[in-house]
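Below you'll find the structure, written out as structure tokens, and then a few comments.
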Amino acid sequence: MADGVFQGAIGIDLGTTYSCVATYESSVEIIANEQGNRVTPSFVAFTPEERLIGDAAKNQAALNPKNTVFDAKRLIGRRFDEESVQNDMKTWPFKVVDVDGAPVIEVEYLGENKQFSPQEISSMVLTKMKEIAEAKIGKKVEKAVITVPAYFNDAQRQATKDAGAISGLNVLRIINEPTAAAIAYGLGAGKSDKERHVLIFDLGGGTFDVSLLHIAGGVYTVKSTSGNTHLGGQDFDTNLLEHFKGEFKKKTGLDISNDARALRRLRTAAERAKRTLSSVTQTTVEVDSLFEGEDFEASLTRARFEDLNAALFKSTLEPVEQVLKDAKISKSQIDEVVLVGGSTRIPKVQKLLSDYFDGKQLEKSINPDEAVAYGAAVQGAILTGQSTSDETKDLLLLDVAPLSLGVGMQGDIFGVVVPRNTTVPTIKRRTFTTVGDNQTTVQFPVYQGERVNCKENTLLGEFDLKNIPPMPAGEPVLEAIFEVDANGILKVTAVEKSTGKSANITISNAVGRLSSEDIEKMVNQAEEFKAADEAFAKRHEAKQRLESYVASIEQTVTDPVLSSKLKRGSKTKIEAALADALSALQIEDGSAEEYRKAEVGLKRVVTKAMSSR
């Protein structure tokens, strides 16, 4: 990589199943990885020798299921005891354990048991995306705009920002995926001037968002947003997998439920079948020697696939209804319905959506896999002053808070301070008071959600307002100030108004929230892992070079014509040097330097022998 630092910021779509990176240098470019793929699997694998990220990790998943981690986005910012986490754990081959209420992934790496937070796994994927960009740009990348589902809550957003920090990136902004896609659509279609209402339908590998935007004169205003942070292509694959498991059991009497390798192979076949059925109406699924020597073969029609996922497909229309209701807009007022996310390629999903909008033609002008990274790169260029075109220079994004924010009041009633779909950044205030005479401390639990009962919302943290002057109940005026920044991340402060003094306020750490010390430690660990990866790669290359050189010299020595030209003494010396080189290759954990020395030693003897012929 060349010297120098890239002045702009890359855009990263950190996906559940695949990630994508884009850069802006006079125009947007989606950057392909070393395999030539424009999307990279969000997979990290750990082996006794090395760590693999992306295609290399996914390709060996069936051979190493327990140490191949994916779906980190379905864990990030969540509690271990959440229902979705518990359900997912039943389908994952890797181990997830409870550490102080947070889910932590446990794997075997370099011969040891290691634990990684979802933030660390995500940071490894982000590092990979950063390296893909650096290889193309030829400069060091330090800044990024990272996207998240619009429906991500505060904890999930903060955890994603932390993952960026662990990977060594300065995360300039966390932006919502459908909003990023809207930028790609607006710019790509050259339609950012015409005033219109656009509905972004974003169904990816693991998450689902619907956002309704008003676009006019380069100003993108999100009117409302809804979704499901736990719905996507993975769930359709799981339903297919369950169906195939049943078929296999019916035919053979064998249950593969506890065999991680067989499950991985069958899931891969299910995913392939799902993709195929987007373009044909029938396919055959074959897996040789799936379990206990038995092959698996089944035919699958598109109709059967649709039937297996009918309830999930239908559920995608609920957030569509919700955003229209929240924005107080009728479906006839929607000018365009834009498809984003790989799962929108499914014909049945498209038909349901088109029918809902009375046969409206859906907008497919943008690449559903790349649109989000495209929009993030544009936002990165704007934030770093690198955007050059008139279209992007004047572009303004006005997004919203996806879920209401507020405090728990007496009787566990949720007191909303920031209603959902409030444009961010925003500052909202609400006054509270004491419930007991001479009360000097009030505890404010901060929640995010839409339910009246606090217990059914997400607890983000708690703070104590202390040193309140003793007064009769109901007299003190306590003002809670909720500040939501452009990333959708919350900061809460409080003031005791009657004396004009601001009071101490600390938000205690929410479960799984990383402190700055934690992040620093993880940054250092990430550097160590990277160094270990590089050392392994160098060692592997040096060993391969030595092996191929040894093979070519062995050929020379054993070739009657070539060896007859060598002096007897020279041939003996070469054979001795060859034996030394072969011994070096036998060393299990030889270093790159040892292999290099063995190669140099052998070359020296060979060169001398050849020149003295």
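Here the Cβ of each residue, glycine as well, is placed from N, Cα and C on the backbone.
According to Swiss-Prot, the protein carries these features:
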type    : residues                               : note
BINDING : 16-18, Lys73, 205-207, 271-278, Gly342 : ATP binding site
REGION  : 1-391                                  : region 'Nucleotide binding domain (NBD)'
REGION  : 392-402                                : region 'Inter-domain linker'
REGION  : 403-613                                : region 'Substrate binding domain (SBD)'
REGION  : 516-612                                : region 'Lid domain (SBDalpha)'
MOTIF   : 574-582                                : motif 'Nuclear export signal'
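Mapped onto this structure are the features recorded in Swiss-Prot.
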residue: Thr16; record: ATP binding site; Cβ contacts under 8 Å, 6 or more apart: Ser42, Asp71, Lys73, Arg74, Gly204, Gly205, Gly206, Thr207, Gly232, Gln234
residue: Tyr18; record: ATP binding site; Cβ contacts under 8 Å, 6 or more apart: Val39, Thr40, Pro41, Ser42, Gly205, Gly342, Asp369
residue: Arg272; record: ATP binding site; Cβ contacts under 8 Å, 6 or more apart: Val285
residue: Lys274; record: ATP binding site; Cβ contacts under 8 Å, 6 or more apart: Gly233, Phe236, Asp237, Leu240, Phe305, Ile346
residue: Thr276; record: ATP binding site; Cβ contacts under 8 Å, 6 or more apart: Thr283
residue: Ser278; record: ATP binding site; Cβ contacts under 8 Å, 6 or more apart: Arg345, Ile346, Pro347
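Thr207 (ATP binding site) is surrounded by 26 other CB atoms, counting those within 10 A of its CB over all protein chains shown.
Break the motif 'Nuclear export signal' (574-582) down by DSSP state and the numbers are 9 helix, 0 strand, 0 coil.
Per-residue pLDDT, averaged across the region 'Nucleotide binding domain (NBD)' (1-391), gives 96. The region 'Inter-domain linker' (392-402): residue composition by secondary structure is 2 helix, 5 strand, 4 coil, according to DSSP. The 10 Å shell around the Cβ of Gly205 (ATP binding site) contains 24 further Cβ atoms across the protein chains shown. Under DSSP, the residues of the region 'Lid domain (SBDalpha)' (516-612) split into helix, strand and coil as follows: 87 helix, 0 strand, 10 coil. For the recorded site, Ser278 (ATP binding site), the DSSP three-state label reads coil. In this structure, Gly205 (ATP binding site) belongs to neither helix nor strand by DSSP; it is coil.
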